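Listed in TrEMBL:
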- 31-53: transmembrane segment (TRANSMEM)
- 32-432: domain 'Major facilitator superfamily (MFS) profile' (DOMAIN)
- 73-93: transmembrane segment (TRANSMEM)
- 100-118: transmembrane segment (TRANSMEM)
- 124-146: transmembrane segment (TRANSMEM)
- 158-177: transmembrane segment (TRANSMEM)
- 189-208: transmembrane segment (TRANSMEM)
- 243-266: transmembrane segment (TRANSMEM)
- 278-296: transmembrane segment (TRANSMEM)
- 308-327: transmembrane segment (TRANSMEM)
- 333-355: transmembrane segment (TRANSMEM)
- 367-386: transmembrane segment (TRANSMEM)
- 398-419: transmembrane segment (TRANSMEM)
Amino acid sequence: MAGEAKPALQAMGGAVVDDGPTGIRAPDGGWGWAVLFGCFIITGFSYAFPKAVSVFFKELMHEFGIGYSDTAWISSILLAMLYGTGPLCSVCVNRFGCRPVMLVGGLFASLGMVAASFCQSIIQIYLTTGVITGLGLALNFQPSLIMLNRYFNKRRPIANGLAAAGSPVFLCALSPLGQVLQDHYGWRGGFLILGGLLLNCCVCAALMRPLVAPQPSGGSESQAPQRPSRRLLDLSVFRDRGFLIYAVAASIMVLGLFVPPVFVVSYAKDLGVPDTKAAFLLTILGFIDIFARPTAGFITGLKKVRPYSVYLFSFAMFFNGFTDLTGSTASDYGGLVVFCIFFGISYGMVGALQFEVLMAIVGTHKFSSAIGLVLLLEAVAVLIGPPSGGKLLDATKVYKYVFILAGAEVLTSSLVLLLGNFFCIRKRPEVAQPEVAASEDALHKPPVDVGVDSREVEHFLKEQPEKNGEVVHTPETSV
């Protein structure tokens, strides 16, 4: 049976170099908690850092004699590198493994900020803080998610939720820290110290210990399991209807998802709210987000809920879009506070579920390639979304229309995922059923370690919730 599994694994591709032999069960604990801690920190740096550097923008404008739009490109380039280098990260992980890629990424992230502290023009800061640091964060973010989900299967939803909580936690911490550093050391000293902090990404990389399969009792080299062949980037995911639907829905969602947090403070100021109270809206949103993400992960991990994680993700997007539409009617500060509370809940749900659902759709073997391609598609959308909202605001001078546009985009994405899942993803070809059935029969034979391909994982997650987490997964387990 093991011999039959090898050709199938070779056909699937997507295995990474630091993977051990097939048949490794995700430990769902043990060293996995250290991996989760590292992923929490990496996620926090990756998502919060592009926003946190904005506290230095005024000093940069004064130093180089530029406008706000020029400094805003720093955050835009950081986000573009984080999302747009997804396929590059997939190739690196599939070629060298997660830990080496993350170590190099941590060095790049730190080097970019240290070099930026010596820059003499804004173009140099684009290249250092934007390109080099952005690339370093990208080389940490994607591999950390892959490692997290090799270590967690049964508890994967709650693990993803806890890791995703790093984003709001670090945002609440890095922004005040950046302000303190700027006040005491100026922007150059602040960049230098932040560069030192980013070296912690290398510490997190050291925590990403590859899973190792137990040695066979016979001791014979011929009996030792072999690693499957590797593909640098598995483009066969585009033949998966589920992946295509998810990629389209996620790209549409990102067009509007990040727009409200960008404009809510200006919206409040336009209503006559003082600057301090207006800025507090983001604190409220982030505080709610901290608790929403692990809570959503816990709920998704329940035995009766997990098989319907795709529908829960669709509901989270619908909830977020509906919140944007109702928030457009806010006419005072109290209304915006209520909006931020509900937006924080829905935003946290989306953040906790997006990678869990992608894993459920594409399966374990293809995730390292699938996430890179999805992030690339989202990179285009994340560059279009906020600027399009800004152009609409310039044309109409009415914030209400910006929130309506964002809400309509997110609502559309929820309908694409819901209808696509109902009509396409769940309806697999009949020819696949005998393979799934044969694999399920094999799972009941204790002496044999059997690899599980992506269709079996998806069938397992959606159709057999009572056995969730008991299947023997391969070491390619991802988000």
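Every residue, even glycine, has its Cβ placed from backbone N, Cα and C.
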Legend entry - Sequence-remote partners of the transmembrane segment (189-208) [C-beta within less than 8 Å, at least six residues beyond its ends]: 34-35, 37-39, 41-42, 45, 49, 53, 56, 98-99, 102-103, 105-107, 109-114, 116-117, 129, 133, 136-137, 140, 143-144, 147, 178, 181-182
Inset, instruction - Report, as numbers and ranges, every residue of the chain located at least six residues beyond the transmembrane segment (243-266) whose Cβ falls under 8 Å of a Cβ in that stretch; write 'none' if there are none. - result: 237, 278-279, 281-282, 285, 317, 320-321, 324, 327, 336, 339-340, 343, 347, 350, 354, 357-358, 361-362, 366, 370, 373-374, 377-378, 380-382, 384-386, 388-389, 393, 399, 402-403, 405-410, 412-414, 416-417, 420-421, 424-425
Legend entry - Contact set, same chain, for the transmembrane segment (367-386): CB under 8 Å, 6 or more residues outside the stretch: 13-14, 16, 76, 79-80, 82-91, 93-94, 142, 145-146, 149, 231, 233-235, 237-238, 243, 246-247, 250-252, 254-259, 262, 355, 358-359, 406, 409, 476-479
Inset, instruction - Given the cut-off of 8 Å on Cβ pairs that are 6 or more apart in sequence, determine whether the transmembrane segment (31-53) and the transmembrane segment (278-296) share at least 3 such pairs. - result: no
Inset, instruction - Count, for each of 100-118, 124-146, 158-177, 278-296, 398-419, the Cβ pairs lying under 8 Å from the transmembrane segment (308-327), and report the range with the highest count. - result: 398-419
Inset, instruction - Pop the mean pLDDT for the domain 'Major facilitator superfamily (MFS) profile' (32-432) in here, whole number is fine. - result: 84
Inset, instruction - Go through 100-118, 124-146, 158-177, 398-419 and flag the stretch with the largest number of C-beta pairs under 8 Å relative to the transmembrane segment (278-296). - result: 158-177
Legend entry - Remote residues contacting the transmembrane segment (158-177) - C-beta distance under 8 A, at least 6 residues beyond either end: 32, 36, 39-49, 51-52, 55, 144-145, 148-149, 151-152, 283, 286-287, 289-291, 293-298, 300-301, 348, 351-353, 355-356, 479
